[in-house]
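S.K.: Below you'll find the structure I mean.
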Amino acid sequence: MRALFEFNGGLAADITIFVGILGLIVNVNVAIAVRKCRQFGYAFGMLCLTQTVANIGNSAVFVFLVGGITLINPDLHDTYMGRRVGQLLIFFWEAAIFSHLFISANRAIAVNFPTKYNRIFSDKSVTRSIVGVIWLISVLQALPYTFPVCSQTFDPVSFTLAYAEGWCGELTEKYGDLSVSIFIVSCISFLDLTSFIRLYQMRKSVSHESKSRAREVRLFFQACCQSGVLMFCECSFFFLSYMNEDPWYVFVSTTFIWVFTHFIDGVVVVLFSKEIRRIILNGPNAQISPSTATANPRQTSYVTNKNREESHM
C-alpha cells in the first residue's frame with residue numbers, strides 16, 4: 001500500500017520529541033505529587049512512583065537520545081554507544097510493565113484479602129523489596145543488549161527500533177521481550193479480573209457507600225486504565241505494526257505509540273486522583289489535608305460493614 005504522503009524522519013523526530021516532552025512534564029509533576037500524596041498509602045504510592053520514574057526514563061530517552069541524535073547526528077545510531085538507546089528503552093520499559101504487575105497484585109490483595117493486605121504491606125521493607133526486585137529484573141532483562149550481537153539498532157530513516165539479526169536477536173525478541181510481555185499482560189488481566197469480580201460482589205452485598213470503598217474502586221479503575229494502555233501498546237508493537245507496511249503506519253504503531261503510552265500513563269494518574277491534581281495545581285507548597293495526612297495501611301482495606309470500617313480508621 002502506497003503512503004498517503006512521503007515519510008519524513010525529521011518530522012517523525014519532532015513528533016516524538018514533542019510527545020516525549022509532554023510525557024516528561026506530566027510524569028515529573030506526578031512523581032512530585034505522589035511523594036506528597038497520602039491517599040495512595042505507602043505501598044501503592046511507592047509502586048506508582050516506581051512506575052512514574054520508569055515513564056520519566058523512557059520519555060527522556062525518546063526526547064534526548066532517539067529524537068535528539070536523529071536531528072543532530074543520525075549516524076551515531078550505528079555506533080556501539082548509539083545502540084545503547086535500545087537498551088535503555090528496554091530497561092525502563094521492563095520497569096514500567098513489572099510496576100504495573102505489582103500494582104495490579106497490590107490492588108487484588110487489597111480488594112480480596114484486606115486483612116492480609118494490612119499484614120503484608122504494613123511492613124515498609126516488603127514494599128522496598130518489591131521495588132528492588134522490579135529494578136533488578138529490569139537490569140537482567142536489559143543486560144543481553146550490552147553485547148554487540150544482541151544490540152538493538154534504531155533506524156533514523158524509518159524511525160523505528162529493530163532487534164539484532166541472528167540467533168541472539170531472535171531470542172531477545174521472541175523470548176526476552178514478547179513472551180515476557182504476554183506473560184505479564186496475562187497476569188495483570190487475571191489479577192484485575194479477580195478484583196473486578198470481588199468489587200462487583202461487594203457492590204451487591206453492601207448497602208452503603210464508604211470512603212474506604214470509594215477509594216478502592218477508584219484505585220482499581222486507575223490501575224485498570226493504566227493496564228489497558230499498556231496492553232494496547234504491546235498489541236500495537238508486536239501485532240498491529242505488521243498489518244501494514246506504510247512507513248507512517250509503522251512509525252505510529254511502534255515508536256509513537258511507545259512514547260505516547262508513557263505520556264498517557266501519567267495522565268491517567270492525574271485524572272483519577274483529585275489529591276494528585278490538587279498538589280500539582282497548588283505547586284510545591286501544597287499542604288496535605290488533615291483527612292489524608294493520617295492515612296495508614298489499614299485505610300486501604302476493603303470493608304463490608306460500618307463496624308469493620310470504624311475499626312480500621
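The backbone N, Cα and C atoms fix where each Cβ goes, and this holds for glycine too.
Taken from TrEMBL, the feature transmembrane segment applies to 15-34, 46-72, 84-105, 126-147, 180-199, 219-242, 248-272. Among the features that TrEMBL reports, domain '7TM GPCR serpentine receptor class x (Srx)' is placed at 17-272. What TrEMBL records for 290-313 is region 'Disordered'. Feature annotation from TrEMBL assigns compositional bias 'Polar residues' to 290-305.
Give me the structural setting of these features: burial, nearby parts and distances.
M.R.: With a threshold of 8 Å between CB atoms, the same-chain residues lying at least 6 positions outside the transmembrane segment (15-34) that come near it are 40, 45, 48-49, 52-53, 55-56, 58-60, 62-63, 66-68, 71, 159, 255-256, 259-260, 262-263, 265-267, 269-270, 275-276, 279-280, 284.
When Cβ-Cβ distances below 8 Å are used as the criterion, the transmembrane segment (46-72) is approached by residues 9-10, 13-14, 16-17, 19-21, 23-24, 27-28, 30-31, 34-35, 40, 82, 85, 88-89, 91-93, 95-96, 99-100, 102-103, 106, 127-128, 130-131, 134-135, 138, 154, 156, 159, 226, 255, 258-259, 262-263, 265-266, 269 of the same chain, each at least six residues removed from its ends.
For the transmembrane segment (84-105), the list of distant contacts is 44, 47-48, 50-51, 53-55, 57-58, 61-62, 65-66, 69, 77, 130, 133-135, 137-139, 141-142, 145-146, 151-154, 161, 177, 180-181, 184, 187-188, 191-192, 195, 223, 226-227, 230, 258, 262, 265: same-chain residues at least six beyond its ends, Cβ to Cβ under 8 Å.
Within its own chain, the transmembrane segment (248-272) is flanked in space by residues 3-5, 7, 12, 15-16, 19-20, 22-23, 26-27, 29-30, 34, 48, 51-52, 54-55, 58-59, 62, 66, 89, 93, 96, 158-161, 218-219, 221-222, 225-226, 229-230, 232-233, 236-237, 240-241, 280, which lie at least six positions past its ends and keep a Cβ under 8 Å from the stretch.
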S.K.: Sort out the residues at least 6 away from either end of the transmembrane segment (219-242), same chain, that have Cβ-Cβ distances under 8 Å to it, and list them.
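M.R.: Counting only partners 6 or more residues beyond its ends, the transmembrane segment (219-242) has Cβ contacts under 8 Å with 40, 44, 51, 96-97, 100, 103-104, 107, 110-111, 178, 181-182, 185, 188-189, 192, 195-196, 199, 249-250, 253-254, 257-258, 261, 264-265, 268-269, 272-273.
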S.K.: Mean pLDDT across the domain '7TM GPCR serpentine receptor class x (Srx)' (17-272), rounded to an integer, is what?
M.R.: 91
